[in-house]
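Report on one structure; see the data block that follows.
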């Protein structure tokens, strides 16, 4: 231990003596010299990992002032509710019920909620052990290295920006419905621009600008605002649930409107339809990961973070299942309006048309809360990526007075506002796809790797864990591809092959659990039933990734190529310069900080 700490100190001191190193970007000649050293720099930086100690001390110090620790568990629960219960449930529920699951969409929401809870457990252990603002980026950086963290973090920020722009434009539509004004009257058509980019939405821009000012001013005040909006939104949701159970008919849960063309029963499309519906409604849960980015601003991380993240997922699952049940009781599943399932259930109903306006008003509040939480999260992701040295460091600055990442918040707010001003909702939604699910998958893998491999110890080897993660993902992928592409009428081959790969995944997990001991125990809070919970999370995330369409993967591939090129031509040289100038250190052992402030391994 002492040798590793001495080596750690020597690495830090030797790096700090090189403050006169020329920047790779100081001149064209310097940049050309940096490019000539690209293979060496890539091999050195791409897999370099930081330590928990580094992330919580020197890396965090690059932002200047610390963020204010002002949040408690109820703030995190409110942020989780606000981030998840947005416009998604008002759209995804009807589509999943009518096209995939029927009334069993209630079960689909329960399955998706379980999957979200398992991923939330993985996030929670990391956030408690390392309460910094970087969320998944920081978790992957201390586990798999700089390049893996940057690739996933950049994709996640892209998802946030496009989804926030889409959500802001949807606010215009819902708000117009709530007050009885057509959406077209809120937008200005520019004839010279191409279709999909010719509808100017000033209201969406105004919403983004106002929220950007709020999150720049104060995180605590933003939490209070979110809590107020969330309470109002929950009241509207309880109203929708009450109306559904009051006005609905239990017979609609088993009897379609057109039995001659639509299958009957609670499971009209069998269990396969339930899982397909779960894949669709799972996107309604995305948002809890933003809560983990608030870990740096929590007063008591070991107590507040587990309650905040897991508690919000459980509450949202209950609300979603009740909302799905109320909708399926209001109308037979084959009569549901896909575009506006809840408000559509009351349109044309004598004396009840006003309910559609109330539902639209509730959705408007949900959009505001989800937008507020998402913009809080995206700013903190970008702030910590700026701390890492792979993007300009000014994005990492924390305002000395407001104690918020002002630069990152303003920068992303401007980009989001520009997209929301011009770009049509359908165009944006086609670009929102797999980034978040990919990050959830990576975090679950990182948790297992971190628990079963401790760098710097002679008794621990990474290879058994790496082989397990690769094998388990392979079996999950084969199961997913068979489920999606093998024809359902292959009555013998399909269940046989699914059973083979499912059993292989379970056998692989059992062997790993029996033969490979844990190399690390969490100090404050840990995921129970290791490695079963993160492994099931891996399997479910692979399964849900397999349900996405081809354009999503095309977008993911194109954007990932752009990210890789950016890393090759800028980020690796910027982080290499930062290390040479003493701004970064290379990991030697896993050093942390104990309660007394001393370093530990």
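From the backbone N, Cα and C atoms, a Cβ is placed for every residue, glycine too.
Note: TrEMBL annotation is automatic and uncurated.
Of the given residue ranges 37-55, 170-188, TrEMBL assigns the label transmembrane segment to 170-188. Transmembrane segment is the annotation TrEMBL gives to one range among 138-158, 579-599, and that range is 138-158. Contact check: the transmembrane segment (309-333) against the transmembrane segment (524-546) gives fewer than three Cβ pairs closer than 8 Å, residues 6 or more apart, which falls short of the contact criterion. Non-local neighbours of the transmembrane segment (266-288) in the same chain are 80, 82-84, 86, 88-89, 92-93, 95-97, 100-105, 107-109, 111-113, 115-116, 120, 123, 253-254, 256, 309, 312-313, 316-317, 320, 333, 370, 373-374, 436-437, 483, 488, 543-544, 547-548; each lies 6+ residues outside the stretch with a CB under 8 Å from one of its CB atoms. For the domain 'Cationic amino acid transporter C-terminal' (525-575), DSSP puts the residue distribution at 40 helix, 0 strand, 11 coil.
A contact links the transmembrane segment (353-377) to the transmembrane segment (73-92), because at least 3 Cβ pairs that are 6 or more residues apart lie under 8 A. Note on the transmembrane segment (552-570): residues 35, 38, 42, 46, 147, 150-151, 154-155, 158, 390-391, 430-431, 433-435, 438 of its chain, located 6 or more positions outside it, place their CB under 8 angstroms from a CB of the stretch. Note on the transmembrane segment (73-92): residues 167, 170, 174, 220, 223, 226-227, 229-230, 233-234, 237, 280-281, 283-288, 290-291, 294, 298, 303-305, 307-309, 311-313, 315-316, 319-320, 323, 339-342, 359, 363, 366-367, 369-374, 376-377 of its chain, located 6 or more positions outside it, place their CB under 8 angstroms from a CB of the stretch. Same-chain residues lying 6 or more positions outside the transmembrane segment (200-217) and placing a CB less than 8 Å from one of its CB atoms are 164-165, 168-169, 171-172, 175, 186-190, 225, 368, 371-372, 375-376, 379, 399, 402, 404, 406, 409-410, 413, 416-417, 420-422.
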